[in-house]
């Protein structure tokens, strides 16, 4: 090139553009020393690693090691916790009819009626009709309920329900659909301190005591036939119906121990119940719907989704953003799976509502609220603005606080649901231990993050 163009060429060097008449010697070797080395040295990755400042690598390696351990620990603990819940539930299912035996049923197993033995009540006049030649079947095995029945005539049927005396009422309902609501039932109990017993019919119009009024319902009881007697630690609820064919879907319930109806004869909410179907011709019966299995499925799905996976996903989003983009994909995977399991838990909850026979309005309302908040999070993710957007910070605030509210309400509803289900305390204790570990991990990671930022 010509000197008047503002540059000059000198052998063995490169001179950049300069003002006219001025040439400066520019050594490429002095500015890019790596190119002065041999090709073998340049292509050696060991050299590339050693040429980087060592003091800049060590803090990141240390932080990564410190941050990986708590995440791996909480993931492993979560898997162990869920496995333990499923194993405990499998062990507790027992005979598969889906109720909690234990308590009074276990303590009175020695006095259980056998369908091969005769019903022997002395004196005989305690029951106002003949109890001979009654057919018999085990109605609710884990609660030791036995039903005896007989067609006495074209429009007359006799029934005797035998169950352990646990200082609670017992009842049998006749249902057109297999559900508690809409059924008519006969319930009986022995007064406190061995006082006189009462047997009455009820219409089960809802899941609360005030919706189950006494002396109402579709059952046509024979006058003065409904009685209840106690003998040898067992209750015998006897009654006769005027009907050509009793309904085949029967619902059995036992009241809370030590809580008997008052002078108004209003029944307290039952402690446990089961729905069955009986063939009066063969005496064969089956459990309807697997309500206890459905209840367990509902609890495990909701706990795993709202109460286990989503808190872990929230933890990942707060403390592992330096693992970009791994933290993002882990976060959305955990939250997406948690939302799916939580949604399935809500669906099973709706299916379970009519089968549990309890007032679950508050629990249902909280579950729907959590589902709504979770759905808002999904929609917010789909409408996420770019990082350079002016509204991004407002979106972040919304995402943070709606997500935290959903997780907090979900955890609270899990504990409330466990109390409604009358589950053993081990479930609540186990889940509480999990939350305690999760909180400690969050505390440790928060401290490490503050130290790293400083």
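Glycine is no exception: its Cβ is also placed from the backbone N, Cα and C atoms.
All TrEMBL annotations are machine predictions without curation.
Computed from a predicted structure; not experimentally measured.
Taking the domain 'DOMON' (143-255) as a whole, pLDDT averages 92 in the prediction. If you look up TrEMBL, you'll see 143-255 marked as domain 'DOMON'.
If you look up TrEMBL, you'll see 262-454 marked as domain 'Cytochrome b561'.
Outside the transmembrane segment (300-320) by six or more residues, the chain places 67, 71, 74-75, 78, 81-82, 85-86, 89, 326-327, 330-335, 337-346, 348-349, 367, 370, 374, 403-404, 406-407, 410-411, 413-414, 417, 431, 434-435, 438, 441-442, 445-446, 448-449 with a CB less than 8 A from a CB of the stretch. The feature transmembrane segment is assigned by TrEMBL to 300-320 (among others).
Sequence-distant contacts of the transmembrane segment (332-352) (same chain, six or more residues past either end, CB-CB distance under 8 Å): 291, 294-295, 297-306, 308-310, 312-313, 316, 363-364, 367-368, 370-371, 374, 377-378, 381, 410. Summarising the annotation, TrEMBL assigns transmembrane segment to 332-352 (among others).
Cβ atoms under 8 Å from those of the transmembrane segment (364-383) belong to residues 302, 306, 332, 335, 339, 342-343, 345-346, 349-350, 353, 395, 398-399, 402-403, 405-406, 409-410, 412-413, 416 of the same chain, restricted to positions at least 6 beyond its ends. Taken from TrEMBL, the feature transmembrane segment applies to 364-383 (among others).
Sequence-distant contacts of the transmembrane segment (395-416), counting only residues of its own chain at least 6 positions beyond either end whose CB sits under 8 Å from a CB of the stretch, comprise 299, 302-303, 306-307, 310-311, 314, 342, 362-363, 366-367, 369-370, 373-374, 376-377, 380, 384-385, 389, 428, 431, 435. Positions annotated as transmembrane segment by TrEMBL: 395-416 (among others).
Here TrEMBL flags 428-448 (among others) as transmembrane segment.
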Handout entry: Helix, strand and coil counts within the domain 'DOMON' (143-255) (DSSP)
Key = 7 helix, 64 strand, 42 coil
